[in-house]
Structure formats: C-alpha cells, structure tokens
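> A single structure is presented below for examination.
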Amino acid sequence: MSSLPPAIFLMGPTASGKTDLALELARVLPCELISVDSALVYRGMDIGTAKPSADVLAQFPHRLVDILDPAESYSAAEFSSDALAAMAEITAAGRIPLLVGGTMLYFKALQEGLADMPAADASVRAELEALAASEGLQVLHDRLAQVDPESAARIHPNDPQRLVRALEVYCVSGLTMSEHRARQRSQKAGPDAPGSGVLPYTVAQLCIAPAQRHILHERIERRFRHMVEQGFVEEVEALRSRGDLHLGMPSIRAVGYRQVWEYLDGSSTREEMVERGIIATRQLAKRQFTWLRSWGEVHWLDSLSCDNLPRALKYLQSLSILS
C-alpha cells in the first residue's frame, strides 16, 4: 500500500453524468469535491455551465466554483496551484479530495505539471487579439506556423485562446512554446521541483461516459434545449448588459455562451443558435474523448449503468484508496 495520501479523479465528457456520480460518492465516502471545470469558476454563469444548484452546493460544497468574475481569466497553472492547495487542506482534515470535471488540460496540469512559461503580457495579447479581429484567426495560425511549426500542428486554426498564447510566449520571451517545453524536459527536474509532474497522491482515475456515442449526442441535445428553456438566453443577456464583457474573453468563449452571444448580436436565428450550440457541445465531447483515450490507467464506467456506485467503490477498494 502506498504511503501517499489518496485522491480520486472523476473524469468524462460533457453531459456524461459526472456530477451525479460525484454526489453519490460524496454521500458514502469521507471526501470533499473539487471542480475541474474552466467554466464553473465563473459567477453568474449557471445555466449554460450546468452548474449544480445552490441547494446541491450548500449540501455538497465544491471547491473552485464561483471563484471569479466573468471578466477575469484563469489559467491551467492557476488551477493547478489552487487545486493543490485545496487538496492539501482536504487531506490535512483527514478526508479524500474528489476532483470532478471535464477540463482535461486541468487534470493534465495536475498530473504532469506545466512548462515554466513567461507570464502573460496584456499589451502583446491585445495586439494579437486585435489582429485576429481585423484579419482573422488564420493569419495568427500562419504566423505561428512560421515560428513554431510544432505548436501550429498541435493547435487548431479556430482555437483563438491557444493561438494567442503560443504567439504571446514567442513575442515576450523570444523562444517558442515548443522550445520552452523542450528545455523543461531536458532539465529533468527533481520530484519536488515546480512543474516536475509528480503529484504527491495515490490517484484513482474514474471515467464515466455512455458506451455508445449516439447516446451521448442525444443527451447533449436534450440538455442544451433544456438550458434554453430554463433561461440560458436571458442569462447571457444579463452578461452582455454589463458592458465590460466581449467574445474575446475566455468566459464568453465557453461552449454555448459564444453561440448565444452571437445570436443576441443578430448573427443567427434562435433555432440556428440552438443547433450551433448542440454541435459545439458535441465537438467539445469529441475533444474530451480524444484526451481520455490517450490517458493513463482509467477505470471506465457506463453512464447508463445502474450500478456505477458499487462498481466505483469496488475499484477504489482494489487500489487501497479506501481504508
């Protein structure tokens, strides 16, 4: 049995039932929940993120939910720092950290660490975002391909956040993101060094998803249409009315929010907005599956199974996660 304290990762694509299973686990285990979701960090973004209700959050508090205003940004490095601090507090209290969500980059940051990249530069970022707005994202991708073909091959031409960040790193430091990562690998940092990727926990990794992809697609469509019925458009209208938010911000680029925002801008009809939101959510799920297929040892659970809780508990017991 490992001398390291236990932790549980509960991963899966959007609309797979992660939250429901997490709550079931929290009812029977001495654990505390930590959200691993880049959209749930934002206050006032509740319907479109499928955020647990206020009653649920009161009964089962989630760390790293509602910690930021939508005008703020939040990086994987910041998440990793916050999550590690929360995990340490939970462990010190004699409980088990249960990390649940679908932002796979955040899980990766915890497991493997992040390259030591230069800090963001607001002026450089503003210039790059202005260039993208005036000439299109393809111009940014072409520029990145010239200086850092490895990153350009990895980053989709329609991914503004990662394109801007990769170019920002180069403009600020004179080194490409690929060069920074290569330097980190060559340094072979010790196990206690920042970013070394050694998580000081015995981690059990659970993943929940429907066994059949078309089932997930149907769930995504039902959920998105239900969100619209529950007031998703009005939620985005309230965000727009503030006057300090725009489509270039990470919060508003979140899946669903972008499509509703564009609808309110007059770029689509209501039904087109719904269809685009469903398609964007399915594309997100596909990307999440891509991450998960390349992940390490993961115990898979079928969303439609009626015995996921005992299956999960049996797996955790087999790893000596449960005493």
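From the backbone N, Cα and C atoms, a Cβ is placed for every residue, glycine too.
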> Pick from 37-40, 153-156, 237-240: which range does Swiss-Prot record as region 'Interaction with substrate tRNA'?
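When 37-40, 153-156, 237-240 are checked in Swiss-Prot, region 'Interaction with substrate tRNA' belongs to 37-40.
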> Among 11-15, 161-165, 301-305, indicate the range for which Swiss-Prot gives the feature region 'Interaction with substrate tRNA'.
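In Swiss-Prot, residues 161-165 carry the label region 'Interaction with substrate tRNA'.
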> Determine which residues of the same chain, besides Gly12, Pro13, Thr14, Ala15, Ser16, Gly17, Lys18, Thr19, have their CB within 8 A of the center of the CB atoms at the recorded ATP site, and list them by sequence.
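Counting only non-site residues, the set is Gly102, Ile208, Ala209, Ser303.
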> Looking only at C-alpha atoms, tell me how far Lys18 (ATP binding site) is from Arg125 (site 'Interaction with substrate tRNA'), rounded to the nearest Å.
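Approximately 35 Å lies between the Cα of Lys18 (ATP binding site) and that of Arg125 (site 'Interaction with substrate tRNA').
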> Near the Cβ of Lys18 (ATP binding site), how many other Cβ atoms are there if near means within 10 Å?
24
> Note down the number of other Cβ atoms within 10 Å of the Cβ of Gly17 (ATP binding site), including every protein chain shown.
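Other Cβ atoms found within 10 Å: 21.
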